[in-house]
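Quick look at what TrEMBL annotates:
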- A:Cys62, A:Cys65, A:Cys160, A:Cys194: [4Fe-4S] cluster 1 binding site (BINDING)
- A:His232, A:Cys235, A:Cys260, A:Cys266: [4Fe-4S] cluster 2 binding site (BINDING)
- A:Cys275, A:Cys294, A:Cys297: [3Fe-4S] cluster binding site (BINDING)
- A:62-207: domain 'NADH:ubiquinone oxidoreductase-like 20kDa subunit' (DOMAIN)
- A:227-307: domain 'Cytochrome-c3 hydrogenase C-terminal' (DOMAIN)
Amino acid sequence: MAVLETFYDVMRRQGISRRSFVKYCSLTAAALGLGPEFVPQIAEAMETKPRTPVLWLHGLECTCCSESFIRAAHPLVKDVILSMISLDYDDTLMASAGHQAEAILDEVMEKYHGNYILAVEGNPPLNEDGMYCIIGGKPFVDQLRRVASGAKAVISWGSCASYGCVQAARPNPTQATPVHKVILDKPIIKVPGCPPIAEVMTGVITYMQTFDRLPELDRQGRPKMFYSQRIHDKCYRRPHFDAGQYVEAFDDEGARKGYCLYKVGCKGPTTYNACSTVRWNDGVSFPIQSGHGCIGCSEDGFWDKGSWYARLQDVSGFGIEASADKVGMAAAGVVGAGLAAHAAVSALTRARYKGDDV
Amino acid sequence: MSASDRLLTDAELKGTNLEGLHARPLRARRLLTVYVYEAPVRLWHWVTAASIVVLAVTGYLIGSPPPSLSGEASSHYQMGWIRYLHFAAAWIFSVGFVGRVIWAFMGNIYSREIFFLPLWKKEYWKDLLDEMLVYAFIKKQAKTVVGHNALARTALFFCFTLTGLFMIVTGFALYSDGTGIDSWEGRVFGWIMPWQGGDLSTHFLHHWGMWVIVLFVMIHVYTVSREDIMSRQTLISAMTNGYRNFRDDRPD
């Protein structure tokens with residue numbers, strides 16, 4: 001029976017040698033920030049544990065999380081994880097469609113009740129009873145609630161599922177809502193990013209499969225191993241920040257010399273993610289390395305926090321693009337002028353007062 | 001004018017250190033002096049004032065850094081120093097704030113005034129209105145006060161005490177970005193950022209807090225100078241030597 005296969009069985013069946021398998025285990029341990037003593041543990045888990053079914057649902061989304069996931073850098077990760085996890089339902093990737101696909105969903109939910117992992121990409125829109133996102137003829141929010149009820153844990157893939165992302169940006173007409181505000185009774189792991197880094201996604205799944213528990217999460221529910229430091233903390237341009245060397249415009253000398261992108265709005269100092277360490281596309285590069293500031297895509301509400309090219313978010317109600325500093329300066333000017341006027345009137349009344357009494 | 005604060009005559013200067021001088025041009029008077037701001041309060045005031053100047057300047061520069069420097073990165077540490085000064089001044093401000101709270105329990109009754117408003121007292125509202133009328137040039141003078149007048153106390157409470165506390169709390173939350181989410185700053189203050197809608201929002205609000213304090217400092221310096229000249233008591237010297245002089249003895 002396919003469902004009782006272990007990861008190792010699958011790997012061997014796919015023609016992966018024992019040597020490559022052990023290499024993969026070492027790489028995974030390193031990726032998860034674990035010491036070499038965990039390698040045998042990972043190997044043993046892969047060899048003995050039956051695969052946990054993963055049901056992957058798609059709500060209001062752009063599918064960039066899936067695009068990222070299937071491009072997981074290391075070939076082994078791509079080939080193995082994808083077939084290794086028993087990805088029993090993923091309407092974008094699976095061969096079957098329509099009624100057949102929905103039948104698998106029901107079957108897995110029943111057979112593995114309380115034991116499968118629910119991975120959610122995108123989020124449910126709640127307005128108009130969820131009619132803005134229909135899956136198989138029914139609102140997505142209904143499917144989400146139904147599948148979540150029997151899940152062991154829920155993974156929120158990407159910023160949509162974790163925070164709402166672009167479809168939840170103001171004024172949010174469909175009332176797109178992050179998963180943790182809809183599913184209240186299950187452990188939820190947020191893996192934010194637009195999209196999240198492929199190795200981060202596979203790393204989270206591998207950890208859960210190997211150790212049969214959730215990775216250690218931070219206050220917001222993100223795995224600490226990937227989201228406990230800012231882009232800024234490990235950025236290779238950080239020395240230029242500390243020195244006071246910035247790109248002032250995208251075509252200046254500083255840009256050519258690779259100075260810090262802080263002044264052109266880099267959100268690295270406020271963004272928790274692993275881009276500056278893991279990087280993208282097999283470690284080739286990441287936004288800052290290619291000369292553009294971080295846009296903070298893995299942070300809550302990044303669409304609503306002002307320009308990607310400004311340090312601070314705009315102040316609404318004071319003109320189109322007033323910054324906090326412009327408003328503050330203007331207020332200081334008004335207060336200063338007011339104080340000067342007040343002082344002048346005070347001096348006049350004082351002059352009169354002296355005449356009266358002394 | 002009451003008898004007690006009338007100008008002295010030449011005869012009355014006899015036997016004093018002013019004996020032999022003409023009383024009239026000196027406008028010599030005998031007036032009441034009270035000790036109001038104890039030494040720890042005064043020390044705290046000026047240390048806090050200095051740290052606010054450093055914090056506002058360095059904080060502004062962190063948000064809007066000076067023009068880019070050229071040359072090798074290894075030969076500069078400009079932003080490093082700006083941030084170091086900001087954090088050092090922030091620690092001084094914070095420790096001072098905590099010390100000031102402790103002193104509120106140990107000091108005289110005037111040392112407690114900036115930490116709460118006596119909203120339940122009718123007198124507070126009357127004094128507040130009176131003080132506003134004075135600043136609107138409708139009333140000539142308000143009553144004398146030993147500590148802070150009602151308007152000053154209200155402004156201090158909101159613009160300094162509450163805003164200062166907000167800056168300390170958000171400041172340590174932002175500081176935990178650098179020290180890590182498992183540092184004590186992260187554990188104690190880290191919840192602030194998700195609660196305020198993310199790291200960037202906290203930066204934004206911390207930036208606004210600076211402008212509130214900058215405007216408060218402008219108004220504070222003006223009103224203190226104005227009161228020192230025009231009101232019925234001294235203010236600036238009260239915060240340097242602790243003693244407040246009343247310019248008349250009239251009961252209010």
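Note: Cβ is positioned from N, Cα and C throughout, glycine not excepted.
Heads up, TrEMBL stuff is auto-annotated, nobody curated it.
Location within the structure of each feature annotated in TrEMBL.
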residue  : record                          : Cβ contacts under 8 Å, 6 or more apart
A:Cys62  : [4Fe-4S] cluster 1 binding site : A:Gly122
A:Cys160 : [4Fe-4S] cluster 1 binding site : A:Gly59, A:Leu60, A:Glu61, A:Cys65, A:Glu121, A:Gly122, A:Asn123, A:Val166, A:Gln167, A:Ala168, A:Ala176, A:Pro178, A:Cys194
A:His232 : [4Fe-4S] cluster 2 binding site : A:Arg238, A:Phe241, A:Gly268, A:Pro269, A:Thr270, A:Thr271, A:Ser276
A:Cys235 : [4Fe-4S] cluster 2 binding site : A:Phe241, A:Gly268, A:Ser276, A:Ile288
A:Cys260 : [4Fe-4S] cluster 2 binding site : A:Arg237, A:Arg238, A:His240, A:Phe241, A:Gln245, A:Tyr246, A:Val247, A:Cys266
A:Cys275 : [3Fe-4S] cluster binding site   : A:Ile197, A:Ile231, A:Phe286, A:Pro287, A:Ile288, A:Cys294
A:Cys297 : [3Fe-4S] cluster binding site   : A:Ser159, A:Pro192, A:Gly193, A:Cys194, A:Thr271
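Per DSSP, the secondary structure of the domain 'NADH:ubiquinone oxidoreductase-like 20kDa subunit' (A:62-207) breaks down as 65 helix, 29 strand, 52 coil. There are 28 other CB atoms within 10 A of the CB of A:Cys266 ([4Fe-4S] cluster 2 binding site), with all protein chains counted.
Scoring each of the binding-site residues (A:Cys65, A:Cys194) by how many neighbouring Cβ atoms lie within 10 Å, the top position goes to A:Cys65.
Within 8 A of the CB centroid of the [3Fe-4S] cluster site residues A:Cys275, A:Cys294, A:Cys297, the other residues of that chain are A:Gly193, A:Ile231, A:Lys267, A:Gly268, A:Thr271, A:Asn273, A:Phe286, A:Pro287, A:Ile295, A:Gly296, A:Ser298. Sequence-ordered, the extra residues of this chain that approach the [4Fe-4S] cluster 2 site, with Cβ no more than 8 Å from the Cβ center of A:His232, A:Cys235, A:Cys260, A:Cys266, are A:Ile231, A:Arg237, A:Arg238, A:Phe241, A:Leu261, A:Tyr262, A:Gly268, A:Pro269, A:Ile288, A:Gly293, A:Cys294.
Taking the domain 'NADH:ubiquinone oxidoreductase-like 20kDa subunit' (A:62-207) as a whole, pLDDT averages 87 in the prediction. Taking the mean position of the Cβ atoms of A:Cys62, A:Cys65, A:Cys160, A:Cys194 as the [4Fe-4S] cluster 1 site, the remaining same-chain residues with a Cβ inside 8 Å of that point are A:Glu61, A:Thr63, A:Cys64, A:Glu121, A:Gly122, A:Trp157, A:Gly158, A:Ser159, A:Cys165, A:Pro195. Here the domain 'Cytochrome-c3 hydrogenase C-terminal' (A:227-307) has, by DSSP, the following mix of helix, strand and coil residues: 32 helix, 6 strand, 43 coil.
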